[in-house]
Amino acid sequence: MSSIVVVGTQWGDEGKGKITDFLAEQADVIARFSGGNNAGHTIKFGGETYKLHLVPSGIFYKEKLAVIGNGVVVDPVALLKELDALNERGISTDNLRISNRAQVILPYHIKQDEYEEERRGDNKIGTTKKGIGPAYVDKAQRIGIRVADLLDKETFEKLLKDNIEYKGAYFEGMFGKACPTFEEIFETYYAAGQRLAQFVTDTAKVLDDAFVADEKVLFEGAQGVMLDIDHGTYPFVTSSNPVAGNVTVGGGVGPTFVSKVIGVCKAYTSRVGDGPFPTELFDEDGHHIREVGREYGTTTGRPRRVGWFDSVVLRHSRRASGITDLSINSIDVLTGLKEVKICTAYELDGKEITEYPANLKDLQRCKPIFETLPGWTEDVTGCRSLEELPNNARRYLERISELCDVKISIFSVGPDRNQTNLLKSLW
């Protein structure tokens, strides 16, 4: 039995999809365990580029299972659009499995997300407005509708009517706006559920069977540790737990099944949306990173905020997710910069701190303490080992590893699969 969890160590968009796809070649099952279609990842497969939001990266390997676990919130209509788009491009989706215990995103969740952001005004969280947060709220309130409920017409009808009554009063009282009606939702979403029924099963049993058969299971994380609702920059976080430990809850497997945790990061830092970002850049170096790195959100298209690498963040992520190995992406983006910087600690009210503050006010007063290293101008996109990298680029990666106390097992020097380099076997 062997399993690997891939998690983002920053604020998402670290390149987890690419690393998952890379590791998926040797896996038997690839499973998602948290988030929803707010997560976007770009995959290059067979010379083509695909942008996925809900579908696991393993979908491209027809002999492997691609699992959407119970911890994922599923918009049935959005998922069908994604599946149809893949089918139109000749990709079979017969290997998809969807948990019957996953929560369903409905139109009132999306509207609630939109209205909540409007209500917050300048204090908005910066959500993708996909209904993720409200769906998780309903789950916690025990009024959520699960995939198993969606497939049963009588159950779905009753639960939906009850929720529409409740949401109608809530929308009117909180926003002064109407809730989507039963008639606008029922037939469309029931039909969507029927189309998805062929994929629905008890995915926890699927994963357990894989472990019993000594198969290799790859868990695909969404977002990043710094967006975790418990361990991230609260309240500027997602509504779920992207940390590796959530595999046990969102995947439905025991903690003893996890063998390794791969922490994925960029050679710099990026963030979409609002919230603290101590190493954020607003100068020419920031412009260089954004444009060369094509830093625009897969889901939203919004320009990402960019900054220098923050080892305080990565050390926090290492502890929160039990990271055993590091994958550093987008090293090529820094090529051409005269100097590169790594944040080693923060200064808070005249004192040096090396731990990430929980208090938002403290965090806003933190000033990054940088270590400056010489940059490089040599082309790194063809490098296949650490030894082939320019001396300054190699020293930069080694310094990150030293500061974060995690060994580098993968490094990437470009967007293509053959630009991802494995330094040791992870399976």
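Glycine too: its Cβ is placed from the backbone N, Cα and C atoms.
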TODO: With ASP13, GLU14, GLY15, LYS16, ASN38, ALA39, GLY40, HIS41, THR128, ARG142, GLN223, THR238 listed by Swiss-Prot as binding IMP, identify the candidate in ARG89, ARG97, ARG302 belonging to that site.
DONE: ARG302
Open item on the list: Under 8 Å between C-beta atoms and at least six apart in sequence, can you list the same-chain neighbours of ARG302 (IMP binding site), or say none if there are none?
Closed with: VAL272, GLY273, TYR296
TODO: Pop the Cα-Cα gap between GLY15 (GTP binding site) and GLN223 (IMP binding site) into the table, whole Å please.
DONE: 10
TODO: Do me a favour and check the Cα-Cα span between GLY12 (GTP binding site) and PRO303 (substrate binding site); whole Å is fine.
DONE: 14
- [ ] Using a 10 angstroms cut-off on Cβ to Cβ distances, just flag whichever of GLY301, PRO303 is the loneliest among these binding-site residues.
- [x] GLY301
Task: Whole-number Å value for how far ASP13 (Mg(2+) binding site) lies from THR42 (GTP binding site) (Cα to Cα) - done: 10
